[in-house]
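Swiss-Prot lists 1-35 with the feature transit peptide. As annotated by Swiss-Prot, ubiquitin cross-link applies to K59, K138, K144, K156, K166, K173, K187, K287, K294. Sequence annotations record features per position, and here Swiss-Prot assigns N6-acetyllysine to K156 based on similarity to another entry. Feature annotation from Swiss-Prot assigns domain 'MOSC' to 188-334.
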Amino acid sequence: MGASSSSALARLGLPARPWPRWLGVAALGLAAVALGTVAWRRAWPRRRRRLQQVGTVAKLWIYPVKSCKGVPVSEAECTAMGLRSGNLRDRFWLVIKEDGHMVTARQEPRLVLISIIYENNCLIFRAPDMDQLVLPSKQPSSNKLHNCRIFGLDIKGRDCGNEAAKWFTNFLKTEAYRLVQFETNMKGRTSRKLLPTLDQNFQVAYPDYCPLLIMTDASLVDLNTRMEKKMKMENFRPNIVVTGCDAFEEDTWDELLIGSVEVKKVMACPRCILTTVDPDTGVIDRKQPLDTLKSYRLCDPSERELYKLSPLFGIYYSVEKIGSLRVGDPVYRMV
């Protein structure tokens, strides 16, 4: 029955005749087919993509405190904000000055001497000539909330207490410092503010730029053939180290599948003076390996606005699909 007939019956106070039942079923069926077709078309590009193995996961590292030693793990959960093992999160803790500005090994090279063990839901900090510091992995909500500053952007941090502040201050011996922790209910620093020229959308806590840094052991071997003093992977602080590929093959990787995790390239990693800090002594060199890297790893002139004169070593990734990964997992390039 047409719309005019239905409205006429309504004016007479009579009920409108119902649509035939078969017509409603048919309409629902057509809608389901249409939605299924749309979903299939959207999924089709992913389904038809080929997986090409490019290497194998050799190492996984979580760096709980920015600029302190990394914690090697055999497996990890990969969240949108980076690697996680239990309550141990990548760069969820940060040393700050009293005014909230971040402190890294660029200013305090001896931070790289602080090691961290995760045990019984606690972080155990150890450093040369210091008693160990034991902190719970979650701070009381009654602790002060700090306004922190990282590369010109604001972010919150929960104070980790006076004992932690005293421990870091006594070890570094320069000025008063405090330790803060990022909480998952806090707002991270967004990629749109960190990297406004790039078209990606993610958040990070206290990393420099991105949730993940991937490197290959072959690229480090290549660098060391040019170096008088050999560098360690710890100089470069990657989250995922890949073996079984050629040097700098990672420059060509866009989207990767590792375990059940899918990641997408954001940019190459522009290297800074932090790489010149010896991870074993905490002494800053200020020249190597930067000078050597600059001799053959500068960006194309067309990318100078993004990278300036920083040499490129390693690749930053965002997390497209969360999941888990482990040492020994094949690394697939999605092509």
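The backbone N, Cα and C atoms fix where each Cβ goes, and this holds for glycine too.
Taking the C-alpha positions, the distance from K59 (ubiquitin cross-link) to K144 (ubiquitin cross-link) comes to 36 Å. Among the recorded sites K144, K187, K294, the residue whose Cα lies closest in space to that of K166 (ubiquitin cross-link) is K144. Taking a C-beta cut-off of under 8 Å and a sequence gap of six or more, K138 (ubiquitin cross-link) has these contacts in its own chain: N87, Q181.
Ranked by Cβ neighbours within 10 A across all protein chains shown, the recorded sites K144, K156, K166, K173, K287 are led by K156. Across the domain 'MOSC' (188-334), the model assigns an average pLDDT of 98. In the three-state DSSP classification, K144 (ubiquitin cross-link) falls within coil. The CA atom of K187 (ubiquitin cross-link) is located 36 Å away from the CA atom of K287 (ubiquitin cross-link). Among the recorded sites K173, K287, K294, no residue is found with its Cα located within 10 Å of the Cα of K156 (ubiquitin cross-link).
Reported as a whole number, the C-alpha separation between K287 (ubiquitin cross-link) and K173 (ubiquitin cross-link) equals 25 Å.
Taking a C-beta cut-off of under 8 angstroms and a sequence separation of 6 or more, K294 (ubiquitin cross-link) has the following same-chain neighbours: L309, P311.
Secondary structure from DSSP puts K156 (ubiquitin cross-link) in a beta strand.
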